[in-house]
Amino acid sequence: MSKVRIYSLAKDLGVDNHKMLEILDGLGVSYKSVSSTIEEDTVELIKQILEEEAQGGAASTAEPTPDAPAEATTPRTAQAEASEAAKQGSAAPAPSATATAEREPEAAPAAPEVPHRAPVVTIMGHVDHGKTSLLDYIRKTKVAAKEAGGITQHVGAFEAQTSKGRIVFIDTPGHEAFTTIRARGANVADIAIIVIAADDSLMPQTREAIAHAQAAKVPMIVAINKVDLPQADPERVKTDLTQLNLVPEEYGGDLVVVPVSAKTGEGVEDLLEYISLTAELEDLRADPKAPFSGVIIESRVDRQAGVLATVMVQQGTLHVGDFLVVGEGYGKIKAMTDSNGGRIKEAGPSTPVQILGFSEAPASGETVLSAKNEHAAREVIAGRASDRRDAENARERRRLTLEEMMGELGETRTVNLILRADTQGSVEAIQGILARKESEDVKLNVMLAGIGAPTEGDVLLASTAEATILCFSVTPSGGVKKVAESKGVEIKSFRIIYELIDEVDRLIKGNLDPVFEERYLGRAEVRMVIRHPKSGNIAGSYVTDGMLRRNAKAKVTRGKQVVYEGTLVGLKRFKDDVREVQTGYECGINLDWDGVEIGDIIEASEMVEVEQA
Ligand SMILES: Nc1nc2c(ncn2[C@@H]2O[C@H](COP(=O)(O)OP(=O)(O)OP(=O)(O)O)[C@@H](O)[C@H]2O)c(=O)[nH]1
């Protein structure tokens, strides 16, 4: 008796893989994943079930036959239509992030046109260079006056109407240096405006802002502000930028630089024009009909109203009454207001909305998904809570093993560090983060922290204390590198803050790892499936425990069921390929699919667990 692969069969019969697994579950057929094979005689049973469903659910649909010609305009077979109609008629009343039937593209379908969406812009720059003033000017002149009686709440974002269309500005990052929120903030944004005061030129936080935009691979536009001042020197700003390898267009480079004054409004119209042009080039699109996903921009507790959370809709559409899941909490949208304070009933992609309905304030940067109903929301949360407990237990087990190995209860390991950075501000910010990373198990001992490149003296200190030298935005000289090599001292240089922090996480982990091999590496939650017609689908995920490592063994679980086993072949942070991603970071993952598309077997809220290969 010959066998058939589940996903090939699904394709042949024009149903999606989820549906196929559902039917197999119903029949009590066991399988490991959609790559598994099943007996040929089961196929007949499946066909019968599909036929019955089609007849029962879609009265107007013609009898499905394997050779029924597809309609000229649709890429699907008549069977696919029939089975989908059956599904609609039988159970699911509304699509949701956790249960939405995916359409199966045939050989070479014309990709459905996903509509354009408004660009989301973030403004960054050094303190006092005029970020707030510039946003205020745009808000005053470009935001339609709201109806009388509304209460203007700070929502952390606003929408400007320009002659070229809608532009959404995020105004939360503030000057809280080096926070994950801001690193994530750049991720919410499509375009970064770097504000530089014409009388002050490049300052430490300007460089930091540029580094964030570069790390997030979002296009940058430089606004040289305060050009109304007599001492303004825009040319100096441009020359200073070239020294960072950022060459303005008029000097032959590709950096857009716009002189503006937040005081007089000069150049602001040009800036908006450039934003729209950049957005056009980026070809930003989002499907309002796709399952909803979004990001928390900010949240706070209002004494009268309760928890107010600002959500940026990234995909799909939000409606009053929808159930939302964030972290381990959920809420039902009781009311929604737009950034003007006006009540709205629904909100599509690139819309910042303030939501009333969460019982606890969610953290900025958290991903939000929708659930079909309260029951589904609770299930997702229960799954997340149990995963967290498992992770905590695993950590506890690791800790005990370490203690046993050391033969002494409660001994703390110390990681010695020498820190070198470009400015006092960076040194302090990094020290602040390091202090928060310390735990009972590992103490981070910064032996020396200073401005400027590391010296030979640092290397000697490091070699005696077995310390690692971490450099941020400074590079050791050739001579110092040689001494370090001869003494076996590691000097690690970083230009991006989160990479330095990743390294510290690795050092901490290295001190926690028991000597014997542990196969479990970590686990991630799939937050959304990013469909890419050319380079394949990617599962946008969040590492909830341990770490993910490229080429590790991976398995996808839905509840307690393993739906896929294979290898983690692709791992990305933003657009970069990376080897590892640690807990608390978002990443894109791709598995060895054996010809199966991620969107077919994986969906938001599923867990991917990886093990040492
Ligand atoms: N002359 C002139 N003054 C400006 C302009 N833009 C901002 N200022 C002034 O510069 C100062 C700082 O402006 P802010 O908008 O508060 O700067 P910021 O970058 O938002 O500062 P932080 O929020 O503290 O980081 C204020 O006194 C503004 O009035 C401008 O285009 N021209």
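Every residue, even glycine, has its Cβ placed from backbone N, Cα and C.
Unlike curated entries, TrEMBL annotations are predicted automatically.
Marked as GTP binding site by TrEMBL: 125-132, 171-175, 225-228. The annotation compositional bias 'Low complexity' is assigned in TrEMBL to 58-82, 90-100, 107-116. TrEMBL lists 116-289 with the feature domain 'Tr-type G'. Taken from TrEMBL, the feature region 'Disordered' covers 54-116. Sequence annotations record features per position, and here TrEMBL assigns region 'G-domain' to 119-267.
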Other CB atoms, at most 10 A from the CB of Lys131 (GTP binding site):
25
Just to confirm: which same-chain residues, 6+ apart in sequence, have a Cβ under 8 Å from the Cβ of Asp128 (GTP binding site)?
Ala197
Largest tally of Cβ atoms lying within 10 Å of a Cβ, found at which of the binding-site residues Gly125, Val227:
Gly125
Can you tell me whether DSSP puts Lys131 (GTP binding site) in helix, strand or coil?
helix
